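The following features are taken from TrEMBL:
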- A:6-24: transmembrane segment (TRANSMEM)
- A:31-50: transmembrane segment (TRANSMEM)
- A:62-80: transmembrane segment (TRANSMEM)
- A:92-114: transmembrane segment (TRANSMEM)
- A:147-167: transmembrane segment (TRANSMEM)
- A:179-196: transmembrane segment (TRANSMEM)
- A:202-224: transmembrane segment (TRANSMEM)
Amino acid sequence: MSQVLFIVFVLLTLGAYLATRWLFLTYRSPLLNPVFLSTVALIALLQATGLTLEDYRPAKDFMTFLLGPATVALALPLYHNRQVLTRHALPVLSGVVAGSLTTMAAALVVGRVLQLDRGVLLSLGPKSVTVPIAVEISRLNGGEASLTAAFVVATGMIGSIAGPALLTLCRVQSPVARGLALGTVSHGQGTAVALLESETAGAMGGVAMAIAAVFTALVAPYYLPLFLQ
Amino acid sequence: MATNLIKIIWQTVLLWLVFRLGVFVVGALHLSLPGNVAGMLLMFALLASGLVKPACIEAASGFLLKHFAFFFIPISVGLMSFGSLMRQSGLALLAILLLSALAGAAVTGVSVQLLQRRRER
């Protein structure tokens with residue numbers, strides 16, 4: 001029984017991903033986010049059939065096995081864009097540092113005003129970082145992995161939908177600045193939108209996403225507790 | 001097709017080894033850094049030093065990064081156990097995510113543009 005369930009879950013997850021990816025590639029709307037739609041569909045299915053997260057866990061562990069190697073693979077686009085990093089070192093570093101510290105502080109301060117639990121606040125901390133790294137930062141600092149994953153995906157959608165309009169409203173025209181802003185706050189999804197604006201913006205977004213992940217991982221253990229006292 | 005698949009598989013093994021090395025280094029040195037970040041930095045160092053050629057990981061990296069989002073789905077399904085939190089504070093959380101994302105994007109965008117203008121002068 002459990003083997004059948006395992007195979008069914010893997011096939012359903014793959015099927016949901018392929019179907020929603022097709023939808024996204026066909027209509028190109030950030031609202032049709034494949035992760036968001038697939039997750040909603042799978043949770044609805046589990047709820048409707050009365051199955052639990054424990055039933056899904058073996059399939060989950062199997063499917064996320066390659067996430068480690070995939071995260072290591074992020075080094076390759078960073079390596080290809082290394083000239084961007086050296087040529088624009090000052091704007092990249094200051095932009096990523098300013099944006100990462102601001103977004104973490106804003107989330108924790110507002111969260112505290114709204115009286116959210118400590119665990120939820122810690123899960124909010126790394127929400128601007130790409131999922132696999134955000135999840136690990138969350139775990140190391142006392143947050144909940146799946147909450148953080150959901151916050152990251154939502155942040156990616158928010159940034160890719162509202163980010164470009166906000167930057168235009170703030171009169172940010174420089175492709176370097178726009179790319180860095182989108183990549184720092186909305187990781188891969190922001191980078192994808194930046195890439196649609198221009199090649200420079202896309203390259204900056206990719207570099208910002210990688211640097212923001214490393215920077216957030218380094219400062220989170222010392223920075224997040226400042227807002228929890 | 002078949003040779004490409006074999007290439008992807010052994011390149012993934014290489015990526016996996018560097019990932020495990022990252023996890024090992026972090027554990028051995030008691031760093032409060034995720035093992036996958038250490039693995040990514042190690043791989044960047046290997047590429048930058050020329051010890052690993054980009055072509056050695058290109059096929060697997062391309063494949064894994066193209067379908068990067070797939071891995072987030074099984075993790076996000078775990079959100080199921082937070083149903084009551086979502087019903088209770090869903091709107092508050094959405095407001096926090098919106099506000100903090102926009103604040104971060106505005107600060108980065110405006111500060112980088114100011115920095116660039118000052119340099120040009």
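Using the three backbone atoms N, Cα and C, a Cβ is placed for every residue, glycine included.
The list of residues near the transmembrane segment (A:179-196) in space but at least 6 beyond its ends in sequence, with Cβ under 8 angstroms from a Cβ of it, reads 30, 33, 91-92, 95-96, 99-100, 103, 128-131, 152, 155-160, 163-164, 167, 172, 202-209, 212-213.
It is A:31-50 that, among the stretches A:6-24, A:31-50, A:62-80, A:92-114, forms the most Cβ pairs under 8 Å with the transmembrane segment (A:147-167). Long-range Cβ contacts of the transmembrane segment (A:31-50) within its own chain (Cβ-Cβ under 8 Å, at least 6 residues beyond either end) map to 12-13, 16-17, 20-21, 23-24, 56, 150, 153-154, 156-157, 161, 189.
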